[in-house]
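Colleague: If you scroll down you'll find the structure; I have some questions about it.
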Amino acid sequence: MFTIATWNINSVRLREMLVARLLTEEAPDILCLQEIKSPVDKVPLETFRALGYNHIVARGQKGYNGVAILSKLPLEDAGDRDYASLGHARHVAARLENGVTIHNFYVPAGGDIPDREQNIKFGQKLDFLTEMRDAFHADNPTKSIMVGDLNIAPREDDVWSHKQLLKIVSHTPIEVEHLGAAQDAGKWVDITRQDIPQGLLYSWWSYRAKDWDAADKGRRLDHIWATPDISNAGHASRILRPVRGWEQPSDHVPVLASFDL
DNA sequence: ATGGTAGTATAACTA
């Protein structure tokens, strides 16, 4: 059995000690980070190694984006793809010794206006998702887990108000449709919703709210999926809401699942 | 309707 977590950290250098706290308190076997906002050679790897996370696969760049997989279990680098040819560090993959492949994604946020004619970033987001669909269709993944900040809350109960967010980027029907096409192409099972099928679930709360906890205007942007050959092994999903209340927090909280593999 | 906060290339961008 192993536990995997995904967390958009919004700068791994600024929040090095928050990562260390999560690794100490929850001790997932694997932690996938997004938005590390750092070149790989400036990630504080020694802090993570000292906590037993000796196996690290990452892609970084200066200032923006960046993804990393920290693991207590041996990993081999399984490459990356430049979806939508943006030249951004938004994907990396790794393979465990048991043959399970881990994909870590940071899907573009997509800007504010949900129209590709008016907002190039929204078009890039849709193109990124279309390339994910095509890649999953071509690769037909098996024994795979895909996690990350997908920047889309697909279900009505993944947002604080379905009606009020229908024209807000992250919950528009066209984004949900594109994400669904990528999910279907890989036959991915949403492990969080397999475990917690009913009820409101959020993994992100805006920094701009006066009181994020009281207003509770959250969205479930962070996901853990698995291919159907191993989806039955997934269980014990959790979303660590209290982490949003830690000092100088990320706007995202960790999402966890365990796999009996 | 607007503006609100946070991070990094500390100025203007991205989220």
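Glycine residues also receive a Cβ, built from the backbone N, Cα and C atoms like all the rest.
So TrEMBL lists these for the protein:
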ACT_SITE  A:Asp149  active site, proton donor/acceptor
ACT_SITE  A:His252  active site, proton acceptor
BINDING   A:Asn8, A:Glu35, A:Asp149, A:Asn151, A:Asp251, A:His252  Mg(2+) binding site
SITE      A:Asn151  site 'Transition state stabilizer'
SITE      A:Asp222  site 'Important for catalytic activity'
SITE      A:His252  site 'Interaction with DNA substrate'
Colleague: Given the Mg(2+) site residues A:Asn8, A:Glu35, A:Asp149, A:Asn151, A:Asp251, A:His252, which other residues of that chain have a Cβ within 8 Å of the mean position of their Cβ atoms, reported in sequence order?
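Modeller: Surrounding the site, in chain order, are A:Asn10, A:Gln34, A:Tyr106, A:Trp204, A:Leu221, A:Asp222, A:Ser250.
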Colleague: Select the most exposed residue of A:Glu35, A:Asp149, A:Asp222, A:Asp251, where exposure means the fewest other Cβ atoms within 10 Å, treating these as the recorded positions.
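Modeller: Among the recorded positions A:Glu35, A:Asp149, A:Asp222, A:Asp251, the sparsest Cβ neighbourhood within 10 Å belongs to A:Asp251.
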Colleague: Rounded to an integer, what is the Cα-Cα distance in Å between A:Asn8 (Mg(2+) binding site) and A:His252 (active site, proton acceptor)?
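Modeller: So the Cα of A:His252 (active site, proton acceptor) lies 6 Å away from that of A:Asn8 (Mg(2+) binding site).
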Colleague: According to DSSP, collapsed to three classes, what secondary structure does A:Asp251 (Mg(2+) binding site) have?
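Modeller: DSSP assigns A:Asp251 (Mg(2+) binding site) to coil.
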Colleague: I'm trying to understand the geometry here, so how far is the Cα atom of A:Asn151 (Mg(2+) binding site) from the Cα atom of A:His252 (active site, proton acceptor), in Å to the nearest whole number?
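Modeller: Cα-Cα, rounded: 11 Å.
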Colleague: For A:Asn151 (Mg(2+) binding site), what is the secondary structure state per DSSP, taken as helix, strand or coil?
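Modeller: Coil, per DSSP.
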Colleague: Test of understanding: give the count of other CB atoms lying within 10 angstroms of the CB of A:His252 (active site, proton acceptor).
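Modeller: A 10 Å sphere around the Cβ of A:His252 (active site, proton acceptor) contains 23 other Cβ atoms.
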Colleague: Going by C-alpha distance, which of the recorded positions A:Glu35, A:Asp149, A:Asp251, A:His252 is nearest to A:Asp222 (site 'Important for catalytic activity')?
Modeller: A:Asp149
Colleague: For a quick check of packing: other C-beta atoms within 10 Å of the C-beta of A:Asn8 (Mg(2+) binding site), how many?
Modeller: 24
Colleague: Please give me the CB contact count at 10 A for A:Asn151 (Mg(2+) binding site), counting all chains in the structure.
Modeller: 25
